[in-house]
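TrEMBL lists 513-572 with the feature domain 'STAS'. Annotation source TrEMBL lists region 'Disordered' at 1-22. Look at TrEMBL and you will find 94-112, 118-136, 143-162, 168-190, 202-220, 240-266, 278-298, 328-352, 364-381, 401-421, 428-452, 458-488 tagged as transmembrane segment.
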Amino acid sequence: MEISYASPSASSLASSNSALSSMPSSTRPVKVIPLQHPSTTSSSPAGGYSAGVLVKKWTGKVKQMTWINWMELLLPCSRWIRTYKWREYLQSDLLSGITIGIMLVPQAMSYAKLAGLQPIYGLYSGFLPLFVYAFFGSSRQLAVGPVALVSLLVSNVLGGIVNSSEELYTELAILLALMVGVLECVMGLLRLGWLIRFISHSVISGFTTASAIVIGLSQVKYFLGYDVSRSSKIVPLIESIIAGADGFLWAPFIMGSAILAVLQIMKQLGKTRKHLRFLRVAGPLTAVVMGTTLAKVLNLPSISLVGDIPQGLPKFSVPKSFEHVKSLIPTAFLITGVAILESVGIAKALAAKNGYELDSNQELFGLGVSNVVGSFFSAYPTTGSFSRSAVNHESGAKTSLSQIVTGIVMGGALLFLTPLFEHIPQCALAAIVISAVITLVDYDEAIFLWRINKKDFLLWVITAITTLFLGIEIGVLIGVGVSLAFVIHESANPHMAVLGRLPGTTVYRNIQQYPEAYTYNGIVIVRIDAPIYFANTSYISDRLREYEVEVDRSTGRGPDVERVYFVVIEMARKLIHPYTLFVFMLLMVCSS
């Protein structure tokens with residue numbers, strides 16, 4: 001079948017046929033493929049997928065799933081269990097698990113003190129949640145347990161409700177773990193992890209930097225030998241430190257400073273020299289041994305010790321004090337956000353390095369289940385640790401078996417070693433926390449953003465300053481608010497480029513990036529680098545009018561003209577709702 005096509009302007013070209021006929025021409029066969037238009041009886045409506053189509057698509061996927069797919073969905077650990085190579089992986093997993101266990105025992109006690117809890121609750125939080133995550137988490141290298149930032153958030157919110165010495169404080173910390181776990185599970189099941197993508201990395205970096213400074217200042221009291229008021233703002237902390245200077249004690253200051261110096265030296269040597277990498281892992285354990293030895297030998301009354309720590313595994317108990325749930329909701333959301341941005345981000349990076357796929361929603365669900373189960377065994381909120389995950393990866397961990405080994409190490413410490421922990425100096429645990437948070441002060445990121453993107457640098461500064469001076473919750477809210485404002489501004493004011501033809505081609509490119517591109521007087525070709533919708537139609541119409549009025553003769557070709565006669569809009573791959581197109585055309589007509 002022969003098909004011929006002609007445009008509406010074909011008749012106006014008829015007069016030029018005589019001129020064209022004198023030019024040499026060559027004919028070649030052209031295959032015409034008619035378009036296959038969708039039938040009107042299609043099950044998919046014109047406006048998009050209906051609910052019935054989506055349900056049918058989902059049920060089709062469910063029917064195609066085998067029992068192996070169901071097992072991998074419900075228990076992600078089955079993916080690595082089925083393919084586990086015992087001869088290749090076992091030694092690496094055992095070594096990395098023991099390494100992280102040695103690192104986690106002192107860190108867990110230190111972070112519990114930062115959260116305002118007794119050290120035993122840090123050990124509880126580093127025990128059972130690890131086993132649960134190993135079965136339900138999808139990352140094979142992420143190291144779960146207590147972390148400094150979450151501990152600070154727990155201390156900040158609970159300190160405003162009740163005194164840390166009261167039993168209610170511990171009950172609320174355990175209840176917060178249950179709330180965080182439920183929220184993470186719900187977001188994972190509903191696949192809502194994408195919501196956090198709207199928070200800029202600059203906000204997270206600025207927030208983490210400010211929080212690290214606050215954490216460091218809050219631990220200084222164990223070096224100085226006198227009490228400092230609990231606060232998440234830098235000004236009250238500094239005022240309290242200065243006001244209590246009369247109670248300064250030299251013994252804890254010298255011991256804490258010496259242990260901190262040893263930790264930093266070991267960490268630096270472990271990073272810079274491969275054959276001394278073990279020093280980075282052994283740092284916290286060395287601090288504990290060193291501090292305990294000095295405290296035993298010197299026996300100075302001015303050095304406060306950890307004191308009695310209960311021996312044995314945690315017992316099952318239902319979280320209490322549900323009447324305080326309402327006051328804990330904002331912190332639960334904040335901790336969940338930190339878990340998504342930090343833990344899932346780390347897990348994705350480690351998965352890419354080790355060559356396997358990771359479902360962020362499944363990962364979020366795994367973290368949630370570990371928190372829910374942990375809350376029934378006296379654990380406070382846990383998440384993935386950046387430093388321990390990096391060490392776990394560097395130690396050669398292949399699967400989540402390393403997490404199970406770490407959990408066994410923690411269980412052994414709870415069963416047999418707690419009597420030895422009674423003589424650990426408080427300043428040694430504070431030195432471990434300060435050494436850990438020093439790496440969170442990300443000033444390199446601020447310098448990088450200043451060079452690359454001033455807007456992101458401004459976001460970093462705003463978040464860091466507001467977090468330091470106004471508190472953690474307000475700082476995060478302001479940072480997220482400004483970040484969303486930038487997203488909305490970029491969406492409502494999209495980038496638009498004037499295109500020109502590259503010499504000798506039919507390719508059109510941005511004339512700002514390709515100055516050699518040809519433009520033609522009286523004609524402006526514009527590309528809109530964003531989908532058109534109701535929020536940006538006014539801005540786009542204003543910019544198009546500017547292009548029509550302003551005539552650029554510097555690079556144009558063809559006869560000189562006094563105005564622009566044609567504005568050509570390149571709209572390839574632009575999604576436009578019919579209502580938005582109507583509004584856009586109406587604005588153009590009204591402005592003319």
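For all residues, glycine too, the Cβ spot is worked out from N, Cα and C.
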Stretch-level contact, the transmembrane segment (328-352) and the transmembrane segment (428-452), CB cutoff 8 A, at least 3 pairs: no
Per-residue pLDDT averaged over the domain 'STAS' (513-572), given as an integer: 79
Per Cβ pairs under 8 Å, the stretch of 94-112, 143-162, 168-190, 240-266 packing most closely against the transmembrane segment (401-421): 94-112
Considering the transmembrane segment (458-488), which listed stretch of 118-136, 143-162, 168-190 counts the most C-beta pairs under 8 Å: 143-162
Distant-in-sequence neighbours of the transmembrane segment (118-136), which means Cβ under 8 A and at least six residues beyond its ends: 75-77, 104-105, 107-112, 142, 144-146, 170, 173, 177, 306, 309-310, 313-314, 365-367, 369-371, 373-374, 377-382, 400-401, 403-404, 406-407, 410-411, 413-414, 418, 421, 429
Stretch among 168-190, 240-266, 278-298, 428-452 sharing the most Cβ pairs under 8 Å with the transmembrane segment (202-220): 428-452
Considering the transmembrane segment (278-298), which listed stretch of 168-190, 240-266, 428-452 counts the most C-beta pairs under 8 Å: 240-266
Candidates 168-190, 240-266, 428-452; stretch with most C-beta pairs under 8 Å toward the transmembrane segment (94-112): 428-452
